[in-house]
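Comments concern the structure below.
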């Protein structure tokens, strides 16, 4: 394979730029040309494509977001949209495509592979860590460290006022941001979509802590469970306490990528380029048990993500 | 004067601990004893008082929040509550009191000075920078840098998605956090309570930017104007654009104090202790035109805060 | 087992406090008492021991360094010193000991296990990541992120001046800090103790970059290879270029622990306490292929650490 | 005036990019064209000049270093070099020049003003804060906060080991970085070029602290006094203690500019552009007692900088 393209799709994540840089430089090392596609599948369909070289990815490794931008593209959910995208790639003589994105982006990519025999490889880029086939996704480590910094700041003020606080973090279906940041931040309770939460257990713990003289509990809540004000009202009905809420929102998506996300980006880019070099498509790369792996995309999308029971259990222990 | 006390009151602010440390160490240098009062006026009335020495303020200069804690105390708004507080101070043989807090805390302190001839000195501790007599308050510099970091992160993701965003920051009556962070963060519009905002001007600027190919405007909004969703709806009625919102909330209050806040804390503590050493009360300390100053508390509370026109003007220029 | 002790030994590392907190809280959950030993083996021999409970580890999860302090203790390298330590533990009725430290600390622990049948478990605490049996040690992730932040700052100034710079980082025998930070920071060359370095290759790359118009190469050097000024002179003899040097030194050891280090601390503490609960000693815990593991201490100390070839190779690719 | 140019010269400083952005946008608002000159006076002489517009300064406000780069230029110390520079400006029809730099850069600018009647205005850009006519220079606030972060990290490890440490910071003639960071960081001693240091006083304080059980003193040393190893040896000759040293070096120059530096950059740029708009040259802008000011360049360069006695005195008090 001599000419490949790369795009970012879905929600942006820290480390996407490091991955783009990795793709371009690894491909150049293998004597392959790289084209960058702007705004994901939308730019693909519209032909927003430009040649990239080693220079065009200088000074981006440390930057949040994605220089290729990203956008939603409902049209790519249709066979017609996919066909248009395929034809654009053909028109440029592009033989392989690397997609950096999450679950939804990979589904589009799978259809492009299946319907049109285009060699595609996916790199997992999403802060949610909600892909079952890989232990970690690009942006997750950075996002959790951002949340952790917020928990530190919020704890300062909550401890000073003896106030409890619910911190709502990202994660619609996957509670990993909540579990990792809650464990690392010493949260008193963690509420995630995968595990039914026991409002009485949360309230009991708060009452016990109030009796011990500590009213500044921190509860980390994944957005997929409910809104922070809903949970607040549920607790306030049962415990006589005023609770503050913070919804962290978009600060979780941005920022300079952490070391772990940059290293993961480089490793995934290296593997993705090598697959295409060997004319292998229909794969998604990731990391499992510390090693870079690649899986068949259809199988990968069928796997079921499980919550990290070990961390959830330890977090419960440590907050007693 | 041989024995003084210190308390923190109102919302906590980064630099309060540095100020407590400064008070204790400066007083010890002047052979004065220092007592720390827990939870503001509430702890004063309840007699939650402990002796502090140089060691009890070790390793706190870099910490957010306040080791003396803070709380609301409606009782101290009554003459009876103030009398109780006064009697507790007398019972401990305390001759002077340093109050680290904002506007409301200073009003209580003024009444304690006036009604009972207790020598009191105020140190301005509030992130809002809403005290007219001083150019800066403890915590303001740190809070604005925290907001700035959030703007940087949010801009990453908004630029990647070509999305506009309204960022709601603290400031009920005073727009300084919004003005300073908006100017420093390169915000496209800044909306503050002191200056009537022109919804059409904001919308015009957005339309012009969209035409120029840039749909990722950042609007910084002080909470005293309205809720971020209210402003979002006002704009979306007039411009065909999807706007995101982030309400930064309590992360603005915490965190390691910046250099400027620690230096301000040390300077104010030094001045406050020297006033009490010379049996001078009824004063608030601060900084004006770069120099530490102290003012009569009644006069200080009567001054009217003005928005920083120069910065607001320059921010408008630079965002064109 | 009903009563255990914990100490930190060797160079301090971010995450040691999180591990101490984890040990205390996990043990309390298992109805075991915990004693904290000050200043490592030195405090053990001198009997600097105090009871710890859940409260004594409040508010330490986010702090760098170690609240138990650490010190060198040549006496513990002798059978007599080890015997003294053992007798102190016996005098307190302590049945098990958790040692948080690195290679040297583990050797002392092994001798305590072997000579006196004391049940000991080691938790890997060292920023160097130089223990062969575990993929990561406490403090490594934080230290590399600190180095990365320094590389970002130094690159700003070097790019502005078109200057090359050698950044010397920690790592006497193990180049992991250099490899991970160099890869993540986009360093042009990485020089580590495990791989003989080719001065001509480094110089060739510099010359090629100068010709391309880029004179601001960053070289990351592990201290175990040579001093940064030695390498600078070697290069300057061959290339007509002025090179700056920065030796990062002790800033690499401190700072708030990252999410990864706090999570690793919690997981290791949980395992270590469970081993002792089941009267199992002579083990070191760690993480391999993503899972928490424990190994026989003698076997663990005999393993040989290998440099991460994959990352070193990718770093070379990406810097071309 | 319709056409101006801007360059950065001398050591780079955080906030230079914010100042370039401010110059370009303020000038555009006044219907003036702006040209950017690369690599300071060297690029001026060589004609490395390009037109800049609002877009060319997008997304740089938060970046360290200088996008215009900077370089030494001995040739510009000669009348011949200055004349060449002047002729390049004339050739481009440039009527006014804004120089962002420090003392040396301003001397070149003064000669350009004096010899050739070119209207020049200086903006103070140097982390050292060593210009007498302005209270603060661009980059100083950021640099001191970087040093403060390093002191925090180093204190973690020094406290854990009961070790003293000398931290060498920038400042050849001006000790401001040392004084501000030492006060804010709670350093036990501060050594600066402007105040003769008393080695016996430093040693006495160390001995007193050791007796009190605290051997982890932090000494902040400005590089202009001596090397950190020299001071270390002086102390170790008198006190039986092992002292560590850290020379922070180039990390002090880089990094995202702080709020204060970005606001200062915007204010100075606004004033500088307004001066040129009104055909006024031969001025340097800055900030005094909180207000933006401009001074005659010759007078400004003749002023003598004084150390901040107030802060030095308070730092001594607080470290007792």
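Note that Cβ sites are derived from N, Cα and C of the backbone, with glycine treated the same way.
Please treat TrEMBL annotations as automatic predictions, because they have not gone through curation.
As the structure is a computational prediction, the values presented were derived from the model and not from experiment.
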Which of B:11, B:171, B:175 belongs with B:72, B:73, B:102, B:103, B:104, B:105 in the ATP site listed by TrEMBL: B:11
Residue from B:50, B:83, B:155, B:253 that TrEMBL also lists as binding ADP with B:21, B:22, B:23, B:24, B:25, B:186, B:187, B:188, B:212, B:214, B:215, B:216: B:155
Cβ-based proximity (under 8 Å) of the binding-site residues B:21, B:172, B:186 to chain D, or none: B:21, B:186
Rounded mean pLDDT for the residues that make up the domain 'Phosphofructokinase' (B:3-276): 96
Fewest other Cβ within 10 angstroms of its own Cβ, chosen from the binding-site residues B:23, B:73: B:73
Residue among binding-site residues B:72, B:104, B:126, B:172 with Cα closest to the Cα of residue B:23 (ADP binding site): B:126
Structural state of residue B:244 (substrate binding site), classified by DSSP into three states: strand
C-alpha spacing of residue B:21 (ADP binding site) relative to residue B:72 (ATP binding site), in angstrom: 23
Nonlocal residues around residue B:216 (ADP binding site), in sequence order (Cβ under 8 Å, 6 or more apart): B:155, B:158, B:159, B:161, B:162, B:163, B:164, B:165
Same chain, 6+ residues apart, C-beta under 8 Å of the C-beta of residue B:11 (ATP binding site), given in sequence order: B:70, B:102, B:126, B:127, B:128, B:253
Output field, ATP shell: CB within 8 Å of site CB centroid, site B:11, B:72, B:73, B:102, B:103, B:104, B:105 dropped: B:9, B:10, B:40, B:101, B:108
Other CB atoms, at most 10 A from the CB of residue B:25 (ADP binding site): 25
